[in-house]
Each structure stands twice: as structure tokens, then as C-alpha cells.
């Protein structure tokens with residue numbers, strides 16, 4: 001049955017939504033209203049069944065291809081589809097000898113048959129209380145009570161998070177005080193961020209100024225040292241060029257004399 005559920009188009013679900021009351025009828029009730037002159041439902045294929053039970057307005061959709069079925073499924077009779085459903089149920093491990101009575105083909109509704117066959121992927125919610133059924137060119141009104149369906153609505157995780165952030169799952173609007181407080185928090189956050197950015201820029205500017213002053217001071221010292229080095233080099237060259245003069249004689253000289261007689 002996995003292949004039967006594969007290639008079903010959305011127009012089928014939309015059509016069943018419009019004619020949901022009709023699909024709530026049991027198959028033996030549909031056969032009764034169709035009359036004895038009609039073809040038995042068990043020998044009809046699904047394509048014939050849909051064309052038979054649908055009103056003329058919906059038959060136009062069938063002819064136009066809006067209500068298309070997979071070819072392998074549309075050619076199967078109702079009995080064959082029901083047999084496949086029972087085999088699939090037994091193959092999945094469902095016991096046939098249970099305390100609950102298993103429904104027969106005539107006891108299930110047309111909607112249940114299409115659901116189990118995989119034609120419809122979601123349950124159709126009844127919208128009307130009166131159904132007009134085409135039978136040998138005549139319309140028979142069938143009244144039934146709407147079936148109330150209860151269940152939990154599922155939400156994606158991202159939508160749940162968005163709804164929680166917006167203040168809950170209810171549609172009640174937030175109080176003006178909450179909006180004002182939230183706006184003030186946002187404004188304070190933006191103001192703090194701007195002040196932090198200004199401080200960072202000022203600190204970076206002061207750091208660049210200190211680096212530039214230190215570099216300028218080093219450049220001045222280097223230039224002074226280079227000038228002194230150049231002066232010393234020139235003085236040394238001048239000393240090499242000038243001739244060397246002998247040292248001057250002393251003013252008083254020592255002389256050797258004889259003071260004793262021999």
C-alpha cells in the first residue's frame with residue numbers, strides 16, 4: 001500500500017472538503033440511494049465510484065483532470081482495494097482475532113475507505129448537514145448529524161518560539177506598558193552600545209597619538225647623534241692633515257760641573 005499513498009494530488013483533498021458530508025455516508029447507504037439499477041459498489045473501480053457519487057459540478061472536475069487518481073489505484077475495484085487494506089493491516093502485525101468486531105466493507109464510510117486507501121491524507125471535517133445525492137437523475141436529501149472532531153493543534157518549533165517571544169499563545173494584545181518598557185530597554189541597549197563604540201574610538205586615537213609622539217622623539221634623538229658623529233669624524237680628519245710640531249725646549253737646562261779638586 002506504500003505505492004498507493006505516493007502520488008496523490010491535493011485537488012482530491014480539496015474536493016472532499018467541499019463534499020465532506022457525502023463522504024460521511026456508509027457504503028451500504030450509498031448503494032441504497034443509488035438504487036438497484038446502478039452497478040454494485042464492490043465491482044466499481046475507484047474512478048467510477050467517484051464519478052457516480054459526485055454531483056455534476058464535481059464531475060466536471062473529474063473530466064478536467066483536477067481529481068486524478070494514480071492509474072494503478074483508479075483501475076482497482078472497491079473489493080480489491082478493501083482486500084489490499086485488510087492484507088496490509090494483517091501484514092503490519094494487527095491481529096484479526098480481537099475482542100472488537102472488525103468492520104465490514106458496507107459498514108465503513110466512503111471517507112474511511114479513501115483514507116485507508118491513501119487517497120486522502122487528512123480527515124475531512126463535516127461542514128454541511130444536508131447532502132444531495134444523484135440517483136437515476138433524482139436528488140435525495142439525507143440528513144445526518146455532524147461529527148465533532150477534537151484534537152490538538154500542532155505548531156512547528158520555530159512558530160512556537162516566535163509565539164512565546166511575542167507574549168504567549170493567546171491572541172490578546174500586549175499592554176501599552178509592556179511595549180513602553182520593551183522600547184526603553186531597546187533604547188538603553190542601543191545607547192550603551194554607542195557610548196562603548198565612542199570610548200573605543202577615543203582610546204584608539206589616544207594610543208595612536210602616543211605612538212606618533214614617541215616615534216617623533218626617537219627621530220630627533222637619532223638626528224642629533226648623527227650630527228655629533230659627523231663633527232667628531234671631521235675633527236679627526238683635520239688632526240691627521242696638520243703637521244706635528246716638536247715639543248718646545250725647557251727654559252732651564254742642567255749642566256755637569258766639577259766642584260772638587262783632584
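The backbone N, Cα and C atoms fix where each Cβ goes, and this holds for glycine too.
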### Listed range which Swiss-Prot flags as region 'Leucine-zipper', given the options 173-187, 218-232
218-232
### Task
Scan 152-171, 192-211 against Swiss-Prot and say which stretch is down as region 'Basic motif'.
192-211
### Query
Rounded to an integer, what is the Cα-Cα distance in Å between residue 43 (phosphoserine) and residue 104 (phosphothreonine)?
16
### Summary
In the three-state DSSP scheme, residue 104 (phosphothreonine) belongs to coil
